[in-house]
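K.L.:
Under the heading domain 'HTTM-like', TrEMBL lists A:10-270. Annotation comment: TrEMBL describes A:20-38, A:70-91, A:111-128, A:149-168, A:204-225, A:232-257, A:300-321 as transmembrane segment.
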Amino acid sequence: MLQKLKPDLTAPVSAAPLAVFRVIFGGMMLASILRFMGKGWVTELYVKPKLYFPYYGFEWVQPLGETGMYALFVLMALSALGLMLGLFYRLSALLFFLSFTYVELIDKTNYLNHYYFVSIVALLLVLVPAHRHFSLDVLRKPNSWVSHVPRWAILIFKLQLGLVYFYAGVAKLNPDWLLEAMPLRYWLPAHTHLPLIGPLLDQVWVAFLFCWFGAFYDLTIPFFLSWRRSRGLAYLTVIVFHVLTAVLFQIGMFPYIMMVSTLIFFSEGFHEKLLHTFRRTASTKVPLFQRSAETAAQPVLLYFLALYFLLQVLVPWRFVLYPGHLFWTEQGYRFSWRVMLMEKTGTAFFYVRDPRTGQEVEIYNRDYLTVNQEKMVATQPDMILQFAHMLQQDFATQGIPDAQVRAEVYVSMNGRGSRLFIDPTVNLAAEKESFRPKTWILPLNEMSPVAKALGLKN
Amino acid sequence: MAGFMLLSSCSSDSESGPTTEYDRDAMVANYVENLIIPGYTTFKSKTEAMTAAVDAFIASPSTATLSAARSAYVEAYTAWQDVSAFEFGPASDQLLRTNLNIYPTSASEIEANIAAGTYDLQAAANLDAKGFPALDYLLYNAGTDAELVAQFTTNASASQRKQYLQDVSNLITQRATATFNGWTNGYAATFKGAKGTAVGSAVGSLVNELNQDIDLTKRAKVGFPSGRFTSGSPLPEKAEAYYSKKSLDLLKQNIRAEKAVFMGLTANGTNGPGLDDYLDHVGAKYGDGLLSEAIEAQFEAALAAANAVQGPLAEAVVSQPQAVTKVYDELQKLIVLTKTDMPAALGVTITYTDNDGD
């Protein structure tokens, strides 16, 4: 199939949209990193915590200490600047991808879909010749200038953005969202003090409107943005939608990143005009002839990208391989563009037992975890397991080897009363992490009375 | 789509959901005007009375002045239980929980400070040598009243001991006064103006600090002396107010105060708009009933369990471990409801960092 599509995918198209995307994305990343550092989050999230929760298989990714972490963030900021300016582009893109992804892999507590989005866009940017038009690299090496790039170099970003939206929409097609307006029904009334829309946010029908419009928007916006005749209105919707989410939810830079990234759907003419305006202010000239970028590795790249997108399409569906309610077990939940779908809160009590004496002590979670880590551990089984292992290790260093760890965890999800989340009798320290289903997660039974574990101690 | 929406909104309106307007500003105003400021007014005057009684005891130590100082101390410590849930704004600036109530207190540090005659009670090292727990030790650590009075009269370091008692007592009053002044000199308006439910908002602070307080009730007041976080066997000397044996009264007062905070209940018994009404407004359910009712019932269950314990907590952890365990378990159930279900229903967040809704 790829062979058939090849002429289409490799046909030369204007390099302007790709150059604009590179400038905008690099600029947004630079701003995001400076904001992150400015808020003191490097220290708060990557220096101060006593423990970190790496991803399965990435346990070797560790924080680098205060100096190391700040150095890494400075490197990340410089490479984002390199992206924006198109300076030492491939190296900048690669360094940005590596540094950003490394930081994200340190602690899954901080997982955000938009960080994942940034990581994969950075990876895609490494593969495209986005620096051969409107860049400092062209000023350094005028011979590298091109007016055209192969179509796939732009298509992959549209496809990626389209997948993000579409899957975010698919994820909204669930009973909680559509039939109960959860969790928006709980979240919106918190904003009744806002001017204009505030009083409306207390109304149930408004929560339903937001839910249904949100699902419709996510599912259709990639198509409306792709179609020339609907693009203007669609982009207006993009602005309204993301400004609204920025006002209502604590989601940082994500709305702005999406607002500017979706400009890539606009026509060549639009982007060329944009660049022309910039060039005029800088009074630089471009050659009049046409030259297309040629990529020696193109055939390999195309196969790589085909595989990549196949994975992108399949990964969000991996949850079907696990039993139980996805939102409840969160097995196969991450990396699937599930955004703003759950109000999931938990309280976790951990107990460590010395097998030699049979004595059990309760753990004060904050002795080990930050506020945020404690919140995340309480609702995510893989983090419960990791914390149990960390507790066992800590007790081993205190002279209590082979300690048993169990946890009483209560979770409330999308308006359901809190109930027991995992089997409180299981010795978690003896359970191993793997991609296999975690049998100690209790099923979410909608009908059964709220399960209680108190009294089960010892 | 519109038709479907109408349909679904109708069906869920009938089961729950915000149907009437809820005035969150009125709720926050009720907390400020009728709970927080009156609470700190009482706390301030009780600490002032305590300082006066302590001064009178120091001026002429006798069993009579000791008895007056002790009862003033107990009243101030009790008034503290009423406001300990409000650790935000001025109270957080003053670090009241840390500066006034770190226990168990360190008798050896207190004695070392007295013997040295010089000390910095603002230093972190002295956190467990000041506040109410230090007063508890200073006013109650002898077998008889006469022996205690003797510590302040015939004892070689009596004058240093007097000075230490006065310093500890004064510092409590200073912190209480500074907190009261903070609220009356502008913070009340700031707090009322902190809209929304994010970190730092009025609602967010009330919910998060109420939870923090209930956690301390469970973990410190009951858990420490039960030895739950350490050996597994009872550690009576870790009880709050260990020397005066008032731990159980303080515990009950604290649970009542936390319940009052949840209900928006004022000192004179008026049930104003509170977190319970707000939960009803958003239609928060628990099982077949209302979440607010489940939480209220759980407060009652915790109080009932505390009422079933006999004598000082420090003795009860040894003599009636089951009764104490019952208190602990009821408080644990309470925390699950207030820390899991309540913030979820109100959309209260606990961190400043970006999130995408779990």
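Each Cβ is built from the backbone N, Cα and C atoms, and glycine gets one as well.
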K.L.:
Could you tell me whether the transmembrane segment (A:111-128) and the transmembrane segment (A:20-38) have 3+ CB pairs under 8 A, leaving out pairs under 6 positions apart?
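P.N.:
They do touch: at least three Cβ pairs between the two stretches lie under 8 Å.
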K.L.:
Residues sitting near the transmembrane segment (A:232-257): Cβ under 8 Å, six or more positions beyond its termini, same chain?
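P.N.:
Cβ under 8 Å, 6 or more out: 25, 28, 31-32, 35, 112-114, 117-118, 187-188, 191, 194, 214, 217, 221, 224-225, 263, 265-266, 340.
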K.L.:
May I ask which of the stretches A:70-91, A:149-168, A:300-321 has the most CB pairs under 8 A with the transmembrane segment (A:111-128)?
P.N.:
A:149-168
K.L.:
Taking the domain 'HTTM-like' (A:10-270) alone, what is its mean pLDDT?
P.N.:
95
